Structure formats: C-alpha cells, structure tokens
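Student: Before I ask anything, here is the structure I am working with.
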Amino acid sequence: MGRKEKMAEKCRKLMTEPGKIRNIGIIAHIDHGKCVAPETKICLADGRFVRADELFEELKERGRLVKCDESEEVYELREPVGVSSLDKDAVEIVEGKITHVWRLKADKLVEVEVKNGRSIRTTPEHKFLVLDPSGEIVEKRADELEIGDYIVCTQKLVHEGMSEEELKREVFRRLGRDFFVHLPEEEAESVLELAKERGIKALWETLEVDIEENSFYYQLRKGRIRADILVDLAEELGLDLADLYDAVEVSYRSNTKSTKPIRLPEPEDLFYLAGLMFGDGCWNQLTNGSEAIQGEVKRIASDMGLEVRVRRYEGKTARIDFPETVPRILEALFDYPRRKKAHRIRVNDFLTRAPLDCIAEFIRGYFDADGTVEEGRSAVSVTSVSREFLEDLQLLLQKFDVASYLREGDGAYTLYVSGARSLERFPGFREPEKAEKLKKLMEKASSSELEKVPISGEILREVRGDVPTTRMFNCYSNYEGGQVGLTKSSLEKVISTLEAVGVEGEALERLKALARDDVCFLEVVRVEEVEYDGYVYDFTVEEHHNFAAEGFVVHNTTLSDQLLAGAGMISEELAGDQLVLDFDEMEQERGITIDAANVSMVHEYEGEEYLINLIDTPGHVDFSGDVTRAMRAVDGAIVVVCAVEGVMPQTETVLRQALRERVRPVLYINKVDRLINELKLSPEEMQNRFLEIISEVNKMIEQMAPEEFKDEWKVSVEDGSVAFGSAYYGWGISFPFMEKTGITFKDIIEYCQQDKQKELAQEAPVYQVVLDMVVKHLPDPVTAQEYRIEQIWPGDPESEDGKTLRKCDPNGKLAMVVTDVRIDEHAGEVATGRVYSGTIREGQQVYLASSKKETRVQQVGIYMGPDRIRTDEVPAGNIAAVTGLRDVWAGETVTDPEDPIEPFEELQHFAEPVVTVAVEAKNTQDLPKLIEILHQIAKEDPTVKVEINEETGQHLVSGMGELHLEIIAHRIKERGVDIKVSEPIVVYREGVFGVCDDEVEGKSPNKHNKFYVTVEPVEEEIVEAIEEGKFNPEEMSKKELEETLMEYGMDRDDAKAVETVKGTNFFLDKTVGLQYLNEVMELLIEGFEEAMEEGPLAKEPCRGVKVSLVDAEIHEDPVHRGPAQVIPAIKRAIYGGMLLADTHLLEPMQYIYVTVPQDYMGAVTKEIQGRRGTIEEIQQEGDTVIIKGKAPVAEMFGFANDIRSATEGRAIWTTEHAGYERVPEELEEQIIREIRERKGLKPEPPKPEDYIEDYGG
C-alpha cells in the first residue's frame, strides 16, 4: 500500500472515533510571501517571456476571483496555463501548469545575482532551490542566501510555440491596418464570389470595418485588401491565411500613397533578415562588409521580388538599401526600431513564440552581423548597449539548451557562449568564415564555469562503495578527493565508468540527474536587501511547485501551504511534506479541491493520533458571512493576535461570531520576534504586552461566552491555552512545552537576538506547540455538541432528536448542516457541511428540511490535506463533502426523508447588506443564464441579496461592501455571461426621530375599514442589540422576547403587545377586544412588513420604527376586508405616522482602522476627514500609529486606491460595519431626491397629508 493509500486509510479510521476528532478554525489575518517583483519575466510554455505584473493582469481575466482584500488578490484559472517548470526528482525542465495567480503588497525585497550576470528580485521569505554539497537540492530563503551558494537555474526552456502555418497567419494579423495584401487574380475572384454569396452589405456589417461599404467592395473587387480586414474576412469566409502567404504581395500604406508591392520571404529567411537588421541595420539600410552575407541578402531580396544593390564607398563598410516596405514589415512583426536602434531593440512575442527553426535563424542573423568567435576566451560573443535585449537573447538561447553569461563594460554589455556542450548546441552562423572559426573552436573547447556540478567528492566515494579506485579511470581520485571540481562532462564520465563496473542504485540515478543539461548550478555573487513599496506576484504551479523566471527556478506557494503556513499556524517546511495530507497524484474521481479551505491533518499527541479538520476563516469584513458559516462547522478556534498590533478589530468581530456559535477559543500570540528585535522590549515590557493581549481576549470571552463557560474558556499561560511565537520563522512556545523541553524564555530571547530563529524552529516547531494546544484544550465533537446543540438547533434538546444530536450519535437520525456550496464542473454542486448526528452514505435518499424536498446523495467524502477523498459513508462529528444534492443552499439541514429532524435555524449574520449594484446582461440571450447564475450565487453566499426583475432584465445585487460586490460581478463573468455593472449604490435606512402620539388614520380604498396607529422610535439599545446579534427576535418565543425587550429597556406594556418584528422594526397590537382583528392580523403584518421594506421618504428599508395599532374599524364582510383593502390602509397609516414622527434618512457607517508609519499620520487623517469622516482614536506604538476613524459607506468607494497613494503603499487598513447615523441635514434633501429619481419616483418626497387624508381627498 502506497503512502497515499495509507494516509487515506488512517483518515477513514480516525473519522469513526469522534473522541479523536477536532474541528477547528483559525481566526487570523493571512500573510503571504514567496513572490517576485513586477519586472520578473516568466517563461511560458507557449514561448513567451512575460513580465509578472503583465501576466497577472492577462490571466486574471481568465480566472475566478477567490480572495481579495487590501493586501492580497488571488484568481483561480479556468484553464491552467503552461510554464517551464523543474521536476526536482529527475532534474528535468518540464511543462508545469499555472492554476492560480497572486498579487500582494510588499515592503521589502531581496535582489540576488548569480555568476552568469542575471539577477532577480523576490520577497525575503521566497525560497530558492540550492544545490547542497551533499548532492541534494534544498530550499533556502532569499534573505538567508550567502555568496558562494549554488542556485539551480534554467539552461533549457519548454517551447510549444507557433507552427509554421500559425506563424504565417500571425504575420497577416500583425501587418494589420498599415498594409495592403495584393491577392493573385484567381484568389481575388474566388474571395469576391464567396463575399457575394454572403452578401457584400451583410458581410460589411458583420465585420464592422471602419471603411465605407463602397470602399470595402472596391478592395474586394481589386483584390487589394487591408491586412486587418483580410484577417477578419478569412475567419468569416473560412479562408486559410497560411495558404495565401506564399501567393500574395504586400505594400505599406503611407500617408500619401502605397509602396510598391513585394512578396513575403520564406519564414526562415524572414527571421534571418530580421536578425541581420537587429545587428547591422539602420532603418532601411544594412551595413555589412561580408560578401557572403551580401549574397544571402540579395538572394532573399530577389525572392521578395526586389533587386537590391550593394553600395561600396572608399574607406567605409558596404551598404545595402531596402525600399520602405521592408523595414515597415520588420517594424510590424519584430518591433524593429526606427531610431536609436541599438538602445531600443527588444525581443518581442512574435519572436519568442516562433517555431524553433525560425528563432535559430534570427540568432544566426544577429550573430552573423554582430557576433565574434573569440579564440582566446574559447567563446562566441556579441556586444550591445541594450542589456534587456541581451538578457532576452540569453533566454532565447535556453530554448536550444545553450548556457551563456553576461558581462558589463565600457557602457555596453557582452553575452558569451562557451563550453563544449553549449557551443555544440549553439545555432551557429550562415557566414562561412565565422562558421569555420566556430568549428575549430569546438574541436578544442572544454567545459565552462557554467557546467560546474559543485558537489562534494565524498558523494562519489559513497556511490563507488566497495569498487576499488584502480578500476576507475586515470585521475579519478582527484574528483573524489576534491582537488578537481566536477563538471557535467566529467560527472558523465564518472557515471559511465561506475555503470561499467556494475554500480547501480538510487544514488547513481541522482548523479545522472545532476549531469543533465536542463539546469545549471550558478554561484551567488551578490545578495542585497532593498526597500520596496508596491506589488509582488506569485503563480501557483500545483504539481512541481516552481516555475522558470529570468533564468531562475522560482519556488512558488502551494495553496495548501498557504492556507496553513500563511495563516501563521503551521511551519512551511512541514506543511507540504509531512503534516498536511497532501499528495501530488490526482485522483480522477475526486470532485474538487475546495478553495473554502477545508484542510485535514493527522497529529500525534502523547502517543495517540488525532484527525484535525481545519476550516479557514476569511479576515475581511466583506466576507463576514463566510466567517459565520465556517464557525457553524467548528467546535474550537485558534485566535491569532499580533504581538505588536494587538487584537485587530476584525479579529474581535470574528471572535464575537465564534463565541455566539459556542466555539471555544485558544490564543496564539504571533510575531513575538518583532518585540525582541525591532521594538527591543525588555522581558518585563514583553510580559506586560502579553498580559494586555490576554486580558483583552479574556474580556471578550467574559462578555460574550455562554454563562456556564465564561471562566472555563478564559485563556491562560499556566494551563497552556496560550502559546507564543513567530509563524514567519516557524517557532512556537507554551508553558507546558517549556516544562517538557526545558527551554526558557531567556533562551527564546537569545535565539532571536542571535539570529538563530531557524534553529529555534527545530527545537520548538510551531505546529507541534499549536496542535498540542488544540488537542488538549479544544473539544471533540461529542463534548462540544452536548452544549452547542441547544444554541444552534431550535428544537427541544431533551427530545429524542435532541438527545441524538447532543450525543453526536452516528446511529441516530441524520442531521447534516450545509455550510458551503461550491460548483465544480466535473462533480456539479459540492455541499460541505458538519454531520451532527447519524451517518451520510453514498446513494442515500435524503430530505432537505428547509426546502422541503427529497434528493439522493451521489458521492460522499472527507478531506485529506486539501483534497476530497471518497468514502462509503461519513459518520457524525466529521466535516463531509457531498455531491448530488440538487438545489441545496448554504444553511440547509440534510436529514432522513421518513422522519425528518427539525431543521437547524437559518444561519444568522450580523451585517445586513449595505451596498447594491444593478447587474444587466450585455446580450439579451444571456438573460436566462444570468438569472440562473444569480440564484446560484445567492446559494453559495447567503449574505448576498438578489432581486431579479425578469421583465426589465436589470437585477439588484446587494452585498457587504465594494469588494464583495466586485467579487460577485467577477464570479458572474467567469461563468460566461458578459455583464454591465452599475456604480455601487448605498442602501440607506429610514428612521423616526420623534413621536407621533396622535392616532393616524389609514382608510381602505373602499372606505369600509379604518386603522389607527401611533409611531415612535424603538429604543436604540434594542436596535443595536439586534444588529450586533445579541438576540434574534425571530428565534424567540413570545415570553422570551418579552423578557429580553424589558431587559433592554422597553416598557412592559409595549413588550407584551409586540405582534411581529421585521429586522429592527416592531409592530404592536394595543387594541382591546376588537371584532374581526384576528382575521385581518396576517394582512396587517404583511402591510407592516411591506412598509418597513420601503419607507415613505425614498422607499429605503426602515430601521428602529415602532408602530402601535391602537384602534380599528373592520367591516364584518370578509369580501370587504381582503388584502387589496387592508394592506394599503395600514401602509398609509404607517407612512403618515412616520412622516409626523420626524422621519429622516440614515446612512450606513464604517469604522476604518489604519496602521501606518507616524510620518504618514497626517495623510491618513486628511483622507478620512475628506470623506466626511471623523477620527475617533489614535494609538502610538513605536514609530507606528493606529488610527481609528469612522466614515459613511457612501464616501468609502475608491478608498483602497486613495489611501495607498496617500501613504505610498505603507498603510495596512481594515474596515468594519459601524451601524447607522442620520444623514447630515444639508445633504439629506439632495440624497433623497437622487434616490427617488433613480427609482423612477417623483423627486419630491411625500408629505403627511399625502397619506392621512382620504384617497382622492
């Protein structure tokens, strides 16, 4: 049984032992490293070298946004993109697949230069692949590299460029609108006939060309068609441009008249000519004294239908002049510069994507022009003032497995190709004299510096084993003794000799891998830390975890490492290799790798193994809905707090949600190394800092934990529920661990001060400390459900079902709560959820309790690492992944159809959506698909509210903030519907600020029914308590609600009279003994709810409105008191009463927390205050300040970009919902008018008399 199967079996075994399961979340801000600077060129499999920033922008349009906050943006690609990548085991360059692209903020970079003259800038924590003297390829952080280390660099690149046919088509595309293509008579007639069959006018309209119909027809008739029009025409009529390439002529369209038509040369000749012109050209002139080259040029020109003359001048080099069309073609295809050619030449995509034969001809042309064969250096060289061109030429040579090095001198740069192996593969020369010199050079060429394999001779001795040295070749002992360094050639000789004497085995295979020419091992000559302010980029290559960039092998971040190590909990070295159950092989039957971060691991504690299911929790306020759903699935949470910054506001928000769901916390204080090395705090000061953080967390637990757990759940150093450390460096410490190992806090300080944190990570690995804490202090499902069920399940905990749930009984009735629904193109809807009781099985018929429909389970699975593995069944206490549940929603209860359990309550979220966008399909035929997608998105994310208007085609989507809505829009686009999205619209509230004691009458349209109401504000303490989730009236019995309302300050009589609650609005029945009232009460409630959804001022939702029904006259005949009579009557009374009670507009507010260097404090406060914001608090920590501000949501659009500019990228900021405040008086009228006009209402808001008087009165 392989490793993967063993681990899968271990997972399956542990999932049946609930006492050994821990379902946990991490409450933290995720930091990400391992990135490259924007200018870094990534070597794609299609042949291109693309800057990291440009590649990110290109690929994000082909992906799905999976994460976005102030510091990080991540996209999952719909189709992976090929890139050159290193298979570390075989030491071969292969094609890897980019699956995700990342953009992050960085404030520091490390620049690394190696011996071939190339350099790269990465983040300090980025890991390079380094050849260890032991022969192993190991990982080493950028900021730990030393001069003399040998980095693994590429010598070979994957090239899957254009075929010759594709190249010919691309030529026409690039010639574009600046060239006419002249078709031979026969082809011209054929094209014209095809066009006539389609209809000239219809074709002209379809192509949407920028010329008149007559001109279009004229071009077709004459067979002289603009190249860009021909490209579109060929696609529309089914013509193959590649077939036309050899038959047509082209002319350049100048401002005055077109140039003389010429034929296109054969592709290889075209590239050779381009290489010559890049070397010796000056726009339309080629200056070169070689008669052989002159002869080649004349031949190529003749093939193009040109006759060129060689101009010879005394004392000067001979020159050939070309007509204007030739340099114009080179400009269109190769970006050949008109002026300052030497400085401006570059290698473009047309060249990098060309067939290898063509690229080889370009290199030959360039070296024929400017190259030199240097006998003294045993090298071929070429010199240019353009460093960028030579660096790209270096990468072009790697397509032929040719190593080269770059040197600077006297204002120019020289590229050298040396060493027998590279010279042999070098494309060579057409020029006979240089070709002959190269031939002679190769006869005596030896190995170059770039062919070194810097491993210890001791490795050879170990591989040789018992074979005596006398059986090896002469001078072999010099290699084994280390007197002579190994090269690839000498290593090959060693390997073949060892094989000849019968040596075999894994060690020998490893030597063979190191002798391959796919990579070279280059010495580090410079490591320099540089300050930086801006974005960095990463590209996830899932199988090989690296990609080729700038000639380096760049190690990248895997998603599973990121979820764990990035969240600051698991050491990076162990996350991928030992701890996480992550495997390179892909199971064909697996449905999806869940990006909601359900990751599992097995951890050993005191000799027992435990299955730990980690559910990642987003940190951004825009995703608070995701946090709540994650908290529903877990029993415990690791709260990560930065030692420097303290408890961040969003950490507090998430912890509050966790405690409300009865999730038990433990505390990890992160970045302790910064207190020691940066802030240089004394042990006493550090202790005070820790006590402050622990006290703050315990204060929240005291305030928000269930009464019976307020003391038990408090965290403390003594019992080990608090740990300290640095996730960045991978170490952690706790009191029990210190007692067990003898490590003291004094040792910790010394390790940090002496820059030995890596050694500390070996002594005290963070994963060991944190996961020990998890197993010891956080509950298993059986323990947790005993006290959680009464909070999260509305049924009677003492009933049979309640007891089954509390016991987490796998043999009881099925109850699974769906917390997340994702769409997978292979598996369909994948529902992830917590199984609270019973067992869910493949093929089982189940009942969706909230939707009241039956469906059948197709597959079930659990998580192993980040992957889903199939099992026959998943028992209670586990996180299950289920396919086949059609139309399932996040929050749904999955149960048995014969005897369904009472559904769990709908998941509650604190924040109501505050921002809305209008979404419209650009193409009307996409409307049904858009509606389907919007329904699906509402399923996946219950915090999204969608209003669909199938008549107008415009749909309103409301979310938690600007970022949230951007992500929703992107999800729609990536599912194939092109949409128009309006500017974000703020969702205001309407509230009353006075009391209307007068009984306001509302008459029904038939005048047979009258309702009398009073209106006043709900007590603000009650409104805030509901908004903060302290209680939910919809979950409570009438008696419970009555007591709670009185507790928060409502009058007893009012509390007893509450008939219904809509959000934070209350409808009270204060009538006594009214006949027929019970029969119309449902309609009165419906009218009240409609009025609260759309208030009188601007049809915005209401907040904190208390409506009391005090009297009524109701017609005895039911016919006269139906919905059409009662609902308008009560709404008119409510609206009239609200207007008399001084109704005003309320706007949503956000807290803004900005951490920034002190120098930028003024810029931040100015930015906040310029948005109608106020500064609430400023705290100082060293030279950093934390500014707390408050501003209206309406003013916060574009804040991310503006704050970044104002602070030059130095600000870290978060926002949090801050309730509602009255709109300033001077703005209110204008805002109401704008809202009403937007909704198609008359601009002026209504007056009380518009509702209080009789209809038509």
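Quick reminder: no glycine exception, Cβ is built from N, Cα and C everywhere.
Annotated GTP binding site per Swiss-Prot: Asp616, Thr617, Pro618, Gly619, His620, Asn670, Lys671, Val672, Asp673, in sequence order. As annotated by Swiss-Prot, compositional bias 'Basic and acidic residues' applies to 1237-1250. Residues or ranges marked as domain 'DOD-type homing endonuclease' by Swiss-Prot: 273-402. Here Swiss-Prot flags 541-782 as domain 'tr-type G'. The diphthamide feature in Swiss-Prot is assigned to His1120; the stated evidence is sequence analysis. The annotation region 'Disordered' is assigned in Swiss-Prot to 1237-1257.
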Student: Which one of the recorded positions (Lys671, His1120) has its C-beta surrounded by the most other C-beta atoms within 10 angstroms?
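Tutor: Of Lys671, His1120, the one with the most crowded Cβ is Lys671.
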Student: What is the separation, in Å, between the Cα atoms of Lys671 (GTP binding site) and His1120 (diphthamide)?
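Tutor: Pair distance, Cα basis, whole Å: 72 Å.
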Student: Provide the three-state DSSP residue tally for the compositional bias 'Basic and acidic residues' (1237-1250): helix first, then strand, then coil.
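Tutor: For that range the per-state counts are 4 helix, 0 strand, 10 coil.
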Student: Hey, how far is Asp673 (GTP binding site) from the residue listed as 'diphthamide', Cα to Cα, in Å?
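Tutor: One finds 77 Å between the Cα atoms of these residues.
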Student: Give the three-state DSSP assignment (helix, strand or coil) for Lys671 (GTP binding site).
Tutor: coil
Student: Looking only at the domain 'DOD-type homing endonuclease' (273-402), how are its residues distributed among DSSP helix, strand and coil?
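Tutor: Reading the DSSP string over the domain 'DOD-type homing endonuclease' (273-402) gives 66 helix, 19 strand, 45 coil.
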